[in-house]
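Per Swiss-Prot, the features are as follows:
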ACT_SITE  Arg193  active site
ACT_SITE  Ser268  active site, proton donor
ACT_SITE  Glu369  active site
DOMAIN    48-215  domain 'FAD-binding PCMH-type'
Amino acid sequence: MSCIQTTFNEVLEKSLNHILDGIRPQIEAIDDAAFVAVTFAELTTLHLGGTPMAAVRCRSQHSVVEVVRLLDAHQIPLLIVGGGSNLVIADGEIPLVAVILDCDDISVTLDTGRVVAEAGAVWDDVVRLCVDAGLGGIECLSGIPGSAGATPVQNVGAYGAEISDVLVSVTLLERATGAVMEVPAADLELAYRYSNLKFTGRGVVLGITLQLHTDGMSAPLRFGELARVLGHEGPHPAVQVREAVLGLRAGKGMVYNEADHDTWSAGSFFTNPIVPESVGDHVRSVVGDESMPCFAAGEGMVKLSAAWLIDRAGFAKGHQGPGGRVSLSTKHTLALTNRGNATTDDLVALAREVRGGVMDAFGVLLEPEPVWVGVSI
């Protein structure tokens, strides 16, 4: 970074801090909102990231709305933080305010299967509560780290299911107007790991509404590995599917455990690439493997397995990055992990190495799944 850029950043940060100091009493006066001293390494499942210029913990939807409106009115950059499971944040001082979602009410209506969860609710708590209550439809999404509010933003999915399968609407704070509105799922343009909320900053999800089955059964299973574990495609009791999914995820290091560095990750780091059929044919010809994972993904397009591509490009489970401080998980090539004393720069170096290796081997560009703040791949 040049001296000029460094000086500009220092001036910007001082200016933002001055503005923030001016509205601090107003934020402190908001019910259920409180300033807290915290680093992003403490807020993310990667245990990486520097220090925001301030952090505000919000324990109600109302406090989220009021804090965001106030920060936006004074043009202070902010980052909404829920479970912190899908964030890659730069080292050092980060010139923004972290707004931490701590509103976590979950309401379940058993006779209709309607579920309403506030954005800060732990996602797997939502799944567990629903399955235990005899509702089906989200059991395949068991064990995914993070908060309920993050699930529609990137249309979270696993084991053949996506949140779009059951999402009715989101309660959204529209930042341009400050209005709170109920947005139907159909208006979110939900697609593979995408919604029109992703990367845009246009709104803050305050809550989600889901429609589940009341018979306690899963939908027919669309993921071969899961169907094999359970013996057939089903339907199966949702509680049985949840147990199987948690077992599969744990075996891949995809259930967060603070004591296990294999789970200090952002989950699946790259999305499965959707490419023209000709590219899929090229990859197959390079490896000479007719059993290559390849799935139809619309007219003339196929979806490839990012984990398979990474492995076939020569990056085995446990492949180490700079100084061994980061590595691919020893259980799954798609998870990039902090081995306990890494920096974000270490992680970015490993991500670039893997991405570049896959491009060199197959001509396929892997796209990262997490949200990047202050750093890029």
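Every residue gets a Cβ built from N, Cα and C, even glycine.
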Distance, Glu369 (active site) to Arg193 (active site) (CA atoms, angstrom): 8
Cα-Cα distance linking Glu369 (active site) and Ser268 (active site, proton donor), given in Å to the nearest integer: 7
Number of Cβ atoms other than its own within 10 Å, given for Glu369 (active site): 18
Conformational class of Glu369 (active site) under the three-state DSSP mapping: coil
Other CB atoms within 10 A, centred on the residue listed as 'active site, proton donor': 23
